[in-house]
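Report on the following structure.
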Amino acid sequence: MKVLVIGNGGREHALAWKAAQSPLVETVFVAPGNAGTALEPTLQNVAIGVTDIPALLDFAQNEKVDLTIVGPEAPLVKGVVDTFRAAGMKIFGPTAGAAQLEGSKAFTKDFLARHNIPTAEYQNFTEVEPALAYLREKGAPIVIKADGLAAGKGVIVAMTLEEAEAAVHDMLAGNAFGDAGHRIVIEEFLDGEEASFIVMVDGEHVLPMATSQDHKRVGDKDTGPNTGGMGAYSPAPVVTDDVHQRTMERIIWPTVKGMASEGNTYTGFLYAGLMIDKQGNPKVIEFNCRFGDPETQPIMLRMKSDLVELCLAACEGKLDEKTSEWDERASLGVVMAAGGYPGDYRTGDVIHGLPLEEVEDGKVFHAGTKLADDEQVVTSGGRVLCVTALGHTVAEAQKRAYALMTDIHWDDCFCRKDIGWRAIEREQN
């Protein structure tokens with residue numbers, strides 16, 4: 001069968017790489033893909049942008065694609081799933097209505113409140129003055145979020161009132177996040193440890209994926225501004241069996257049932273960003289309506305199941321007939337980024353030292369890369385590569401990932417040196 005993966009990041013390289021391992025599959029197309037997918041013998045890039053929905057549908061119909069898997073959020077919010085389904089094409093992802101869970105933070109917070117799903121106390125604002133009054137009433141630390149899609153960067157964790165007020169001005173009066181920031185959510189600062197809890201949903205049944213933990217801040221020990229994610233590992237030891245059960249009972253099931261009851265039946269990957277307190281109680285920080293990036297990369301490295309088989313079962317409403325199998329080992333991915341990210345950065349730098357053949361128990365997934373006219377791999381984004389490895393412990397996986405990246409370099413590249421530090425501290429204790 002033929003599979004189409006929509007997207008051009010590290011997540012899509014990992015999903016397409018995993019899909020191509022399925023015995024059911026003869027061809028995997030990636031639209032538009034990147035240099036990593038271009039260089040994979042089992043994958044084929046297609047030059048169509050992720051939000052060019054008519055062109056994506058045309059291609060899928062002409063090529064008789066049997067299954068489409070959507071990577072990024074933008075086409076989901078624009079209704080790619082609705083369009084494909086209306087044309088009778090099999091596609092795994094949520095409808096535009098269901099994708100509001102990521103497309104609007106205000107929608108999500110109101111939804112969580114309606115269904116008594118644990119989350120931070122909050123209020124939505126469109127005007128500066130009432131927002132500032134609320135800040136002064138609540139005090140810092142406090143969290144300010146742009147309502148719409150901001151590539152994972154529209155969240156300011158303000159440790160002082162001045163910082164919080166500046167963020168409100170930037171978003172509502174300034175134009176820090178364009179349309180995404182015309183409405184903001186201000187919410188209480190939650191203490192605890194974060195985890196990424198990702199499941200597959202077929203509208204009614206849920207199949208949990210492996211747990212993971214992302215590293216949002218740009219600097220070591222979680223300092224500096226938020227990014228799309230600087231690295232991740234799986235599994236996340238903070239998600240104990242108890243926490244797993246609580247998350248399913250208090251968050252995932254009520255969300256799936258609540259969406260269905262409101263006429264937005266959810267199918268696709270559902271990613272709950274959790275904050276877990278000292279007592280092991282999870283609260284929702286955010287929902288994403290797709291797999292996380294960079295969490296996908298270490299999770300796919302651990303996945304033993306057939307991803308395509310699971311997606312097909314989900315499209316047919318038969319996820320309850322499937323289980324997922326995982327490598328017992330831990331896996332860890334480190335993002336190599338362009339200097340200046342998440343602010344302004346340069347593109348077009350030649351990347352040296354990429355491994356020429358497959359690495360045992362490791363993989364270099366490409367994100368912001370492209371093939372130049374002379375076939376050299378050059379940078380084309382802020383997050384450029386995700387260097388991922390397996391190990392019997394998180395510490396061993398970390399050591400292997402950093403070793404795998406030793407020879408890879410370009411002008412002004414950087415990475416965090418401490419990905420996995422929370423899990424490694426746990427292992428040492």
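Each residue, glycine too, has its Cβ placed from N, Cα and C.
Here Swiss-Prot flags 135-196 as ATP binding site, drawing on sequence analysis. The Mg(2+) binding site annotation in Swiss-Prot covers Glu286, Asn288. Per Swiss-Prot, the feature compositional bias 'Basic and acidic residues' maps to 213-223. Feature annotation from Swiss-Prot assigns domain 'ATP-grasp' to 109-316. As annotated by Swiss-Prot, region 'Disordered' applies to 212-237.
Taking the features listed in Swiss-Prot, we show where each one sits on the structure.
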residue: Leu135; record: ATP binding site; DSSP (3 states): helix
residue: Val143; record: ATP binding site; DSSP (3 states): strand
residue: Met159; record: ATP binding site; DSSP (3 states): coil
residue: Ala167; record: ATP binding site; DSSP (3 states): helix
residue: Arg183; record: ATP binding site; DSSP (3 states): coil
residue: Asp191; record: ATP binding site; DSSP (3 states): coil
residue: Glu286; record: Mg(2+) binding site; DSSP (3 states): strand
Task = Would you please pick out, from the binding-site residues Leu135, Met159, the one with the fewest other Cβ atoms within 10 Å of its Cβ?
result = Met159
Message = Please report the Cα separation of Val143 (ATP binding site) and Asn288 (Mg(2+) binding site) in Å, rounded to an integer.
response = 18
Query = Are there residues at least 6 beyond the ends of the region 'Disordered' (212-237) whose Cβ is under 8 Å from a Cβ of it, and what are they?
reply = 151-153, 155-157, 193-196, 198, 273, 292-295, 297-299, 302, 326, 330-335, 337, 341-343, 382-383, 386, 394, 397-398, 415-423, 426-427
Inquiry  = Going by a 10 angstroms cut-off between Cβ atoms, which of the binding-site residues Asp191, Glu286 has the sparsest surroundings?
reply    = Asp191
Query = Could you state the CA-to-CA distance between Leu135 (ATP binding site) and Asn288 (Mg(2+) binding site) to the nearest Å?
reply = 26
Neighbourhood of Asn288 (Mg(2+) binding site) by C-beta distance under 8 A, where only residues 6 or more apart in the same chain count = Glu73, Leu101, Glu102, Leu270, Tyr271, Gly273
Ask   = Can you give the mean pLDDT for the domain 'ATP-grasp' (109-316), rounded to a whole number?
value = 92
